[in-house]
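The structure appears right after this line, and notes come after that.
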Amino acid sequence: MLTRLKAKSEGKLAKQICKVVLDHFEKQYSKELGDAWNTVRKILTSPSCWQYAVLLNRFNYPFELEKDLHLKGYHTLFQGSLPNYPKSMKCYLSRTPGRIPSERHQIGNLKKYYLLNAASLLPVLALELRDGEKVLDLCAAPGGKSVALLQCACPGYLHCNEYDSLRLKWLRQTLESFIPQPLINVIKVSELDGRKMGDAQPEMFDKVLVDAPCSNDRSWLFSSDSQKASCRISQRRNLPLLQIELLRSAIKALRPGGILVYSTCTLSKAENQDVISEILNSHSNIMPMDIKGIARTCSHDFTFSPTGQECGLLVIPDKGKAWGPMYVAKLKKSWSTGKW
């Protein structure tokens, strides 16, 4: 195992930082994050500092691995301190960098664990899924958040949507790898343009997760093709419009009284706070929900940057807490009529 870990680690270190992207981020994030950007940049550009959380699969529980993680000094996320934290979800973190090997996909055999950025569980926890609820994961690939949702509760219906055909295959394989057949029967996988979902299924869902396409800061920094990276940056200004359109569709798909969680894996204010501000300003039937309590509860595991919003959190990578970037906002649909 140690040899495999070493090989994986060396593969990460071999990645080259894309100067075009770094220069672009430098200009933007030094303004938006101030002094915190220096630490964030150091973590994001140093894969040897990256940490990986281990989400255990309750449908094929790895008791031996759990013992091993305890011996290695891993601890559980939130350690029981978050109100409404689902007891059925177990995620282990280490304060030191490194990762255990991923499991291979084997047809008919459920995987025992999923490796992920621990901050990506915050949108799932903010949704507070309950047994029997109808839930939509609007931009579901590669499937980690759908898998995490199913660790929290057993929904009456889970709709996993992914518009990109290649990512859709990845989503299907992830679900097949972690979810037993009886539960697969309450899951629908679709390949619809998320902007059309609200018209296709109006007021259908109790909870909606919009983990939107965004400037994926971690992966963009290691773009191997500088020309492609330049193209991404030039098209980046179009992302907030897409994100707003996805949210408007999600609002249509959400029943009155339902909960909507929006998330991205970028630090960009234009794709985070500004998108949510636009939605709140243009929809009188959408209310912000205060989630500052999550930040207070889990500050020992995550570092947060101020967002200026009670309904929004921004996790930024820090030394020993190399999680994020992850922005999370929580909204509620009221019973009144909204503006469009």
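Cβ from N, Cα, C; glycine included.
According to TrEMBL, the features are:
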DOMAIN    44-334  domain 'SAM-dependent MTase RsmB/NOP-type'
BINDING   Cys139, Ala140, Ala141, Pro142, Gly143, Gly144, Lys145, Glu162, Asp193, Asp211  S-adenosyl-L-methionine binding site
ACT_SITE  Cys265  active site, nucleophile
(request) Would you kindly give the Cα-Cα distance separating Lys145 (S-adenosyl-L-methionine binding site) and the residue listed as 'active site, nucleophile', rounded to the nearest Å? (result) 13
(message) Neighbour count, 10 Å Cβ-Cβ cut-off, for Ala141 (S-adenosyl-L-methionine binding site): what number do you get?
(response) 23
(request) Using only the Cα atoms of Cys139, Ala140, Ala141, Pro142, Gly143, Gly144, Lys145, Glu162, Asp193, Asp211, which the record gives as binding S-adenosyl-L-methionine, return the largest interatomic distance in Å, rounded to a whole number. (result) 20
(request) Tell me the Cβ contacts of Asp193 (S-adenosyl-L-methionine binding site) under 8 Å, same chain only and six or more apart in sequence, or just say none. (result) Tyr163
(message) I'd like to know the mean pLDDT over the domain 'SAM-dependent MTase RsmB/NOP-type' (44-334).
(response) 95
